[in-house]
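What follows is one structure encoded as structure tokens, with my remarks underneath.
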Amino acid sequence: METSWFPRLVAHHPYIILMVVFAFSSICLIIPLTTKKLPDFSDPQMGFEARGTVLAQRLTAWHNLMEATKARGELTDNPLEYYQYIRQLNQQSNMHPQNYSLSTQGILRKKPKGKNKRKGKKHQTLLNGTSLKEASDEDKDRWDELIELKDKHDINIMDDKNQNHLNDFFCNLPTSSYARVVIAVDSEEKNLWSMEGVLAQCHIDGVLRANAHFSSLCQTQEHNSHKCCRSWSPANYVALLSNRSSCLGVTENDLSRVKTLLQQCAYYYHNRKLSPNCAEDFNCQKHVPTECYMRNAAYHLLHYLLDVNFIPSPKTEPKSKQNLTLQSAMLFLPIAASSATLDFYKAIENDDLIYGNFRVQGMQLGLKSTLFDRLLVSDSSLVLAGFLFVTLCIWAYTGSIVLTITIIFAVIFSLGISYAVYTLVLRIQFFPFMNLLAIVVAVGIGADDAFIYCKVWESGKQQKLSNDGLVHLVQATMKHAFPSMLVTSLTTAVAFFASVVSNVTAINCFSLFSGITVIANFFLMITWLPACVVVSEHFKLTTLSPLNFITRKIIRPLRSLGDKVTVGFTAFLTGIVIRLRWLWLLSLGTIAIICCIIVFHDPGLQLPDYIDFQLFHNTHPFEQYDFIYTRKFWFERYEMIGDDAEVLPLRFVWGIKPIDNGDYLDPSNRGTLDYDTTFDISNPKSQLWLERFCKNLRSQPFYRSTMGPLLSNCFIESLRSWMQRRCTDPIEPDIEYFPCCESSKFPYKPNVLQQCAAEVSGEIHRTPYLWIRDGAISAGLKFVKEPPLSSKALNDTLPIKVTPKIKALVVEYDSTYAYTLSFANMDTFFHQVESWMQDQLRSAPRGMRGGWFISRFQFYELQRTLHEGTIWAIGVSLTLALIVLALVTLNPLVSLYAIVTIGAAIIVTVAILILFGWKLNVLESVAISTAIGLAVDFSLHYAVSYKACISEKNIDKVKAALQQMGGPTLMAAITSGAAGALMLPSHVLAYIQIGIFLLLVMSISWIYATLFLCSMLAIIGPSSRFAQFEYSRLKMLLICFHKYEDDSVVEVDKDNNRARKAYKGRGMLSESTLSTSSSVCQFHCSELETLAPRPPSPSPPSPLSTLLR
């Protein structure tokens, strides 16, 4: 027998391999860290969105359309105003060439000194006259003011009179821009709307204001810059309405009187008649009693400070069932909700925020992401502790500090190589927070492979090695360990890559990064690890050091004791598996069936019912606020998705293809608009069809009639109404409106529609009702911003005719459906409207067939994609793992049993997580993908070991597999599981969930692989030749590790005899002795002789060749 070149290179020149691999890995680790930006986890929710699905592409196209309609976009709702702006910009640049860089805002705010009379045709005077400019300037002034106020979280416009009412007590009005806490009761019997509750509010407010950092953060009073403003709380508002100086002066009568007032005013609030500035709105005062809008106190109490169940809407809760006890109340602090409150939060003592049966349950200080970033770094010490524990386990198992350090370096290098491929080769810009979970994968896979390789190596040693004996030992270890590493690495990588079927960006990135990490780990395990083992042997024999002293005096005795325990445990494990095989098979099989019911039927994989990604434990006050109390206060409900939070819009889009041409692996790259070239609204057939479409839409059961002007909702109807005007102005006969007047008959000619549509859009945008809607106009026509005129032409005084080009159309109405986080309700809404829309498009003319429907479906699509993607990922992963295992073992029964075991372990793991209350969000979906990758290892080790055993009896094959794989697999499970347990004290929910997940998946995978799979193989496992296929021509693939002679079996036997004689004198284990192994990862031959008699014919040269026969 001749040895191949690679084992010789490893045995004689290990340092060359170490230097090459070290250099390559270091380069891969350093280059991306120095040339690319470090990952940014400031927004851990980034990437938690669906991309590439039909609905996701519509959402992206809609987002791009709204972006393109903004000031810097390529589209405009009001083209004539845009052209007027271009014209004046050029005039300003010519008049003041030195001030050419004047800002747009400055130009628009400059008011003209006079008006020019409108003469000639309407479409000629729109560019040359200033009347439209005056209106647009005034609109812009108010627009800028509203935008500025919106950026300050919708602080209401209040005049001096109203401010004088409040300045003596409150500095300002409560808004979501301020920090706030929720005070809640411990039991339902208690009531915050009581004297005890008022005192609790005063006490907790005082504790918070006594914080050492409060004075440096608080908003101060105008007349006294050293005194902080008063906090907004129900108790303080009662004091205000009762003319008390502070909440401590409130009496029972005050509470009763204000409660009666709130009950009276609640009707007007819930019917949208009571507005936030009703004290200044004469229209509001016509419909609301005076006491309800006095100082706007009733509105602020109901909207901001009292929970929705205290005085609920009569529509949702009849009076007989109303519970008039206040269970939770909001307390606004006069400090901004921002990351600057971090020190303030750290100085808070939770024990002080309790008063009797009342306590602070939730907080919103505006620093959730900032605190998460800090804790992510500080709690990483727990991850390092787990890593250190794994290191100690490897040291105790191998007995070599050098080998332990090099194995840890292999784990780090695998992550570095993966990161280099991820960023430099694949050029993926986005690195989500979920990718950190790949560290768990690298540690688990790396430790598992290291334990197996070291077990094979130690089982092949007996005495002091010579150079020739070392070569043969290296070759034998490679032949026995590498196939098992290849199978486990390949199946694990395939399991991760299979998750790419998911359409969630974060899951796709994690799957790619983890799969590449597994492949990189395998590359290091076949190059770096063998060389490190050889160097470790030289180090043991030649070096004396304190570490060696610790190894010899502490580690080795412990290891010797561990070996004795392992022998006893292996015998015990083998005994209970073989003797109780029917018990394990039936009991674990029954548990798996029950868990299938839990996962797929009841309660099933629960979809998330909250939009925000949970960062901390459920008991954390930040999470309590976001996931419980945001639904208990009206202002949070409205701010969740807008003022009309309860209404789902019906949006129908034409002119834009529902295509996402951005990078699906980069959430910030959403591509560009893809225009539908077939769209033609100017065609008379399209006009008639659109009019019928709007009429049919309003007759549908999902249409909701809306009060107020709907000028832009279905533009063709607004255009027809506007076109009924006379062709000459009744006041100034010189002004002509032709062709945009009654002389044009519907359906209009294409050129008439395009021209008149631009003019009617200008009229609509001068409508004051749009200011109330924050200027958010999504419906109507969208015109392209192509400057039709040169600078010279724009400055010309001759009349100029402009015909803007229509690029898109949006028809929008309200639906009868309310926005909800329930997947079932949203799914019903989508399919009902989508089916109707597709029916309408069947009769549409060619220019209108490209329309599509969209609404607020972001969270609904994420729910749907997570559910379908996770199920598909599990199915595809198990199928690909079955194919890989079948190709290696060539035994369909063994492969099928292993896949059934892996599937059962995954199902049981998921079922337990469901019972723990986990819901299928992005982190949980990633955890399931990781479970698939980690659960395959143990079962595959046992399956390959069982297949490679040369015994004919099932029981003997199972005993051999247990003796060979029980120790390494248990060690791998203990190390990874214990590392997970060390992460449980973390404050970061992701670390806690990862720790729970590791504990579960490792323990359940090992139990099912050891007890369930081995019991199944012992009962119904195939014999060596039953259902066994062969590769007759693939033995040449072994040339990398072994060169076969073309002689007969007799010549092979002669070579084996010569090998025995050559090494007998040195006490070195011979090649043929190692070749009689019955597994890929083999113990000493003598351990097998007690299990099965040696066959009369010589054994094949390697276990892999046994698999390929």
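Every residue, even glycine, has its Cβ placed from backbone N, Cα and C.
What TrEMBL annotates here:
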type	residues	note
TRANSMEM	12-33	transmembrane segment
REGION	108-134	region 'Disordered'
COMPBIAS	108-124	compositional bias 'Basic residues'
TRANSMEM	375-397	transmembrane segment
DOMAIN	400-535	domain 'SSD'
TRANSMEM	403-425	transmembrane segment
TRANSMEM	485-506	transmembrane segment
TRANSMEM	512-535	transmembrane segment
TRANSMEM	582-600	transmembrane segment
TRANSMEM	871-890	transmembrane segment
TRANSMEM	897-920	transmembrane segment
TRANSMEM	965-984	transmembrane segment
TRANSMEM	990-1020	transmembrane segment
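Residues 21, 24-29, 31-33, 36, 387, 391, 394-395, 431, 438-439, 442-443, 446-447, 450, 454, 512-513, 516-517, 520-521, 523-525, 528-529, 532-533, 535-536 of the same chain lie 6 or more positions beyond the ends of the transmembrane segment (403-425) yet place their CB under 8 Å from a CB of it. By the Cβ criterion (distance under 8 Å, sequence gap of 6 or more), the transmembrane segment (512-535) is counted as touching the transmembrane segment (12-33), at least 3 such pairs being found. Within the same chain, the transmembrane segment (582-600) stays apart from the transmembrane segment (375-397): fewer than three Cβ pairs sit under 8 Å, each pair at least 6 residues apart. The transmembrane segment (897-920) makes no contact with the transmembrane segment (12-33): fewer than 3 of their CB pairs lie within 8 A, with pairs spaced 6 or more apart in sequence.
Tertiary proximity for the transmembrane segment (965-984) is limited to same-chain residues at least six positions away from its ends with a CB under 8 Å from its CB atoms, namely 382-383, 385-387, 389-390, 393-394, 397, 440, 443-444, 447-448, 451-452, 455, 566, 569-570, 573-574, 934, 937-938, 941-942, 945, 991-992, 994-999, 1002-1003, 1005-1006, 1009-1010, 1079, 1081.
With DSSP states grouped into helix (H, G, I), strand (E, B) and coil, the domain 'SSD' (400-535) comes out at 116 helix, 1 strand, 19 coil.
Cβ atoms under 8 Å from those of the transmembrane segment (990-1020) belong to residues 44, 379, 382-383, 433, 437, 440, 444, 573, 577-578, 580-582, 584-585, 588-589, 615, 617, 894, 897-898, 900-902, 904-905, 908-909, 912-913, 916, 918, 923-924, 927, 930-931, 934-935, 937-939, 941-943, 946, 954-955, 957-958, 961-962, 966, 969-970, 972-974, 976-977, 979-984 of the same chain, restricted to positions at least 6 beyond its ends.
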